[in-house]
Amino acid sequence: MTNSYDVIVIGAGPAGYVGAIRCAQLGMRVAVIDEYRRKDGEPSLGGTCLNVGCIPSKALLDSSEHYHRVQSQLGQHGIKVDGVSLDVPQMIKRKDKVVADLTGGIKQLFKANDIEWLQGHGKLLADRQVAFKPHKGKEKTLSADNIILATGSRPIEIGAAPLTGDRIVSSTGAQEFQEVPKRLGVIGAGVIGLEMGSVWNRLGSKVVLLEAQDSFLTPVDQQVAREAKKLFAKQGLEIRQGCRVTETRDGKNISVHYEDKDGKQHMQVDRLVVSVGRRPNTDGLASEDADLLTDERGFVHVNDYCETNIPGVYAVGDVVRGPMLAHKGSEEGVMVAERMAGHAGHVNYDTIPWVIYTDPEIAWVGRTEAQLKAAGIPHRSGTFGFGATGRARAMDQSDGMVKIIAHAETDRILGVHMVGPQTSELIAEATLAMEYEASAEDLARTIHAHPTLSEAVHEAALAVDKRAIHKAN
Ligand code: FAD
Ligand code: NAD
């Protein structure tokens with residue numbers, strides 16, 4: 001092992017490992033330091049996303065959706081299934097296998113790209129040096145021409161509900177229950193709360209989410225959020241808003257005490273998930289004399305090109321401003337690698353798609369109607385319900401809608417918001433359209449195959465100009 005590299009990356013999540021691969025593709029000699037270890041103690045690449053985030057949560061969402069469909073939806077298709085039973089440990093085992101396969105895949109990619117994987121803790125020192133403390137062995141000092149900080153984030157903890165490891169848990173623990181809790185409480189009705197709440201609700205838990213804010217899904221276009229909330233209520237997800245949790249007591253049951261507009265309340269649950277946001281992993285990330293600038297919330301301070309205040313030191317992913325999304329971090333990793341190599345990498349922060357993997361899925365790109373109003377930008381919008389598309393009807397998944405917002409004068413698409421079946425896939429068309437600075441008319445003139453769900457996108461684009469075909473405009 002050498003002590004000197006072209007690039008050292010600290011953190012092997014989707015921001016760090018993708019950046020590392022792009023650096024290697026561009027001919028750089030790269031080492032990646034990562035400290036993550038699985039529950040069996042084995043080091044594993046992929047960070048939060050692959051180990052305890054995007055991938056395992058989607059594996060459980062898919063498994064629980066199969067169970068739910070067999071239980072309550074196949075009958076309508078004329079398929080009778082008797083004696084359905086649930087094997088939660090097998091569901092968790094399958095999820096673990098998906099994770100192991102994918103993280104193993106990154107290990108192979110590192111080998112193929114000649115990237116050195118250093119298992120242990122990294123700390124930025126002055127003069128582009130890094131202290132590397134391996135899981136086994138003595139600390140070493142490494143140096144590099146460029147350093148990428150990609151240390152990600154971790155769950156925010158709150159004093160009113162301290163985590164206990166197995167009963168009061170973060171999103172990680174919520175993916176490890178070995179049986180279905182009869183009653184599941186969730187603090188925070190954001191992305192994780194809704195995804196984890198959906199998993200256990202489908203498997204049979206009575207799920208209650210306590211949300212601090214009076215509004216629901218604040219970052220989402222409120223027309224879509226309202227529609228989604230109605231659909232979640234039909235599924236039995238109970239969302240209580242304006243709740244301030246004051247105390248939890250973990251005895252035979254977990255007692256959750258909170259206050260809402262009607263005063264003091266409390267509820268008893270068997271398991272409690274705390275999902276109130278995440279914070280950047282920057283505690284002790286840099287020595288004092290490295291002089292790394294962070295903001296008041298602990299995020300590493302960067303410019304639009306992810307350059308920190310230290311020349312040659314970059315930061316990407318959850319550890320910097322912007323949405324905490326895997327694909328945002330990966331694009332930043334690629335941008336930084338390309339700029340190091342003298343290319344013109346850049347990230348278009350205006351066209352980062354979001355998806356919440358509930359059923360139906362919520363997906364959006366660009367600005368909401370409220371944001372456009374606040375910015376005084378003249379706009380007009382078109383909506384179209386999936387219920388009027390043949391494909392959604394044939395699938396028996398006709399809940400939800402697509403909304404397209406375009407500039408009132410130029411017709412340029414400013415935001416696309418969806419709730420409905422497979423919108424996680426449909427949003428790609430909208431993202432591409434926005435990346436190409438398309439107008440609603442461009443989408444309206446694009447031929448969409450029939451019968452597909454994408455016809456709802458087409459019709460919403462037509463509806464911007466009040467000429468949707470399968471709807472009274
Ligand atoms: P991380 O993935 O957090 O990786 C950082 C890595 O750095 C970790 O391995 C950590 O152990 C390591 N590390 C930290 N400090 C050090 C150090 N000092 N030395 C060495 N190693 C260190 N995003 C999506 O886009 N889609 C989704 O569907 C989605 N689902 C999610 C579901 C859940 C339950 C959670 C929790 C998150 C989800 N996210 C999702 C968010 C996504 O996981 C993050 O945005 C993404 O992982 C951030 O990538 P990153 O590379 O910046 O950091
Ligand atoms: P979040 O910001 O999405 O939601 C947190 C919710 O908790 C908010 O609605 C907030 O108002 C509420 N809250 C905050 N403090 C509270 C309190 N004390 N009591 C009750 N409610 C409180 O955060 P999250 O759900 O923890 O997820 C963290 C991040 O991880 C997400 O913002 C997202 O960036 C990422 N993530 C993405 C996906 C995806 O892309 N599908 C999935 C999971 C996580």
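Cβ from N, Cα, C; glycine included.
When D145, D318 are compared with the FAD site residues K58, G122, T151, G152, S153, M324, L325, A326, H327 in TrEMBL, the one appearing in that site is D318. In the record from TrEMBL, residues G188, A189, G190, V191, I192, G193, L194, E195, E211 bind NAD(+); the candidate from G120, G263, G277, G284 listed for the same site is G277. Ligand 2 lies under 6 Å from the Cβ of the following recorded positions, listed in sequence order from C49, T151, L194, E211, A326, H450: E211. Proximity of the recorded positions C49, C54, G188, L194, M324, H450 to ligand 1, judged by a Cβ distance under 6 angstroms to any of its atoms, singles out C49, C54, M324 in sequence order. Take the Cα of I192 (NAD(+) binding site) and measure to each of the recorded positions K58, S153, A326, H450: the nearest one is K58. For the pair G188 (NAD(+) binding site) and C49 (disulfide bond), the Cα-Cα distance reads 20 Å. It is 45 Å from the Cα atom of H450 (active site, proton acceptor) to that of T151 (FAD binding site). In sequence order, V186, G197, L209, S275, V276 are the same-chain residues whose CB sits within 8 A of the CB centroid of G188, A189, G190, V191, I192, G193, L194, E195, E211, G277, the residues recorded for NAD(+) being left out.
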